[in-house]
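Notes follow the structure.
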Amino acid sequence: MSKGSLALFPKLSLSLSLSLSPNFPALPLSLVTSDNNKSEKPKTGNIVFKLCEVLYMDLLRTYTDQNNDELDVPLSETQNPTTSTSSSPDSSPPRLLQAKSSAPNVDDTMLALTVAHAHQAQSRPIDPTQHVVPFNPTYEQLWAPIYGPAHPYAKDGIAQGMRNHKLGFVEDASIDSFVFDEQYNTFHKFGYAADPSGINYVGDLDALKQNNSVSVYNIPQQEQKRRKIEKKKEAAEEDNDDDTQDGLDTEEYNNPASDTWLMKNKKSPWAGKKEGIQTDLTEEQKKYAEEYAKKKEEKGGEGREKGEVVVDKSTFHGKEERDYQGRSWISPPKDAKATNDHCYIPKRLVHTWSGHTKGVSAIRFFPKYGHLILSAGMDTKVKIWDVFNSGKCMRTYMGHSKAVRDISFCNDGTKFLTAGYDKNIKYWDTETGQVISSFSTGKIPYVVKLNPDEDKQNILLAGMSDKKIVQWDMNTGQITQEYDQHLGAVNTITFVDDNRRFVTSSDDKSLRVWEFGIPVVIKYISEPHMHSMPSISLHPNTNWLAAQSLDNQILIYSTRERFQLNKKKRFAGHIVAGYACQVNFSPDGRFVMSGDGEGKCWFWDWKSCKVFRTLKCHEGVCIGCVWHPLEQSKVATCGWDGLIKYWD
């Protein structure tokens, strides 16, 4: 403290000195305070010097006491006034407080356990199925092999999540193409190969030891010598051949067609170690060859027939096959005339033909006259019935072993085709009941049709279950064409445009138009809203096609160049979903008719597209309906109840 400060603030200096040192003895006020009014003045410089000296000694003693070990000094000695080093008995002893920590008490048990678990995690392997790793794994842990039981659905024990290939885990490796070819060929020849890492081997380790780890390109010296000797022998043989060539014609020697050339080149460079050609067969080989030839011959015989073999029979049920004038029973009546210029809807049931023991799948009137009606039954039989006179069954044709799918007359009605589920197509003589010819491809025929042209009545078209339309020439029995574009079984074949083209429908929900004889589609009709069309009929004016669609409606398509859908004409109301119900027209084209799945026969007006009348015809499905070719209001229907009904 400076001299000037005491002169200016004497009282403040005294109070500071007292507060700084509690051991400092109390001084008389007369010595400390100074009053300018008194005549006697103390010597201020001496007082200040002594005061500073006392303060310095006091501070030095305090620091010295703090450095000593306070725990060794008993509290009683510290508080004893007699042992105090203070300069005054009135000074207070120093107070020593017990050390305390302000931090809260923390239970570190969990911390210790966590640290212990972390140390354990560093040593245990990682579960390959877990998705989250709560610690930083080491390199050894990440690439450690998988231990434990095999995966139940993986033969090699690799978990499903670790796989990137159906055979396990495949990782990329940078390998030179030569090295890869070497190991690839080595593995296929010897059964072992070097691992891409170059450290281990995979495959047959026994073969690896036996061959001393040799690869296909690292051939031992002994093998190389042996190959050189073989090459020398071959060269010597060629020299001998050249010597023998001198006496032969050079042209014959170089001609591949000559025996000389064949003898020279009988050994192929790919023949390997096989010397010569084995000509004589052993007894075992001869026996095997004979058995194989026999099986092939039997298979070839089956391939020619393909369909099930059934004995063809026919039974005539009439009184006599010819009348008193010598006319056949299939001859049309001479007084039959067309009276169908203006047709009407039938109202009542006229006649019922019952003879099939199962459902009837199709009916066809005799062409142009309609005095007979042909029916195909699911009882494997085809029957023909009289319409005009007795109304009885005239003949039964039995030539199929399964249900008959479709029937079709030729133009004059003297012959007809049948297609059965026994994969056979048969061409019958209507009068005699004899089978003229039989055809089969080994597939089920769904529809059969003859070319309507008079000069092409020998051409048969059949839509098969294997998506093909097969064309036969019945005179030769050979397949002359195959139309193979559909994606499903073919259901219908309809000739249009003066029989130059035909339209086919299929289970693939499309229509395709073909040029006859050319297996290329000229028009393909397929829309997302289209359904399969199992029955198609041609309008009498040949300008329109009526297609029975399985979404319970009849659609009309034009037969002109574009084959467009006529959106203005649509006939609906019946339920045919799931059934191949036949659609047909009246001879004058005024009415459209169709059976349905509930046994009804529906009639629509062609112009207005409105329902004209419905007839309850059959119990079950009414599968077929045909308008009589000459009558104006007579219709025949057939159903799965086994009946054929005639309406007027």
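Heads up, residue numbers simply count up from 1 along the chain you see.
Cβ coordinates are placed from backbone N, Cα and C, and glycine is handled just like the others.
Range with TrEMBL annotation region 'Disordered', chosen from 70-101, 326-357, is 70-101.
Cβ atoms under 8 Å from those of the repeat 'WD' (397-438) belong to residues 306-308, 310, 312-316, 321, 328-330, 358, 361-362, 364, 366-369, 372, 374-384, 444-450, 452, 454, 457, 460, 462, 474, 477 of the same chain, restricted to positions at least 6 beyond its ends. Long-range contacts of the repeat 'WD' (483-515) within its own chain (CB-CB distance under 8 A, at least 6 residues past either end) are made by residues 444, 446-447, 449, 451-453, 456, 461, 463-471, 521-526, 530-538, 542, 545, 547, 557, 559, 563, 580.
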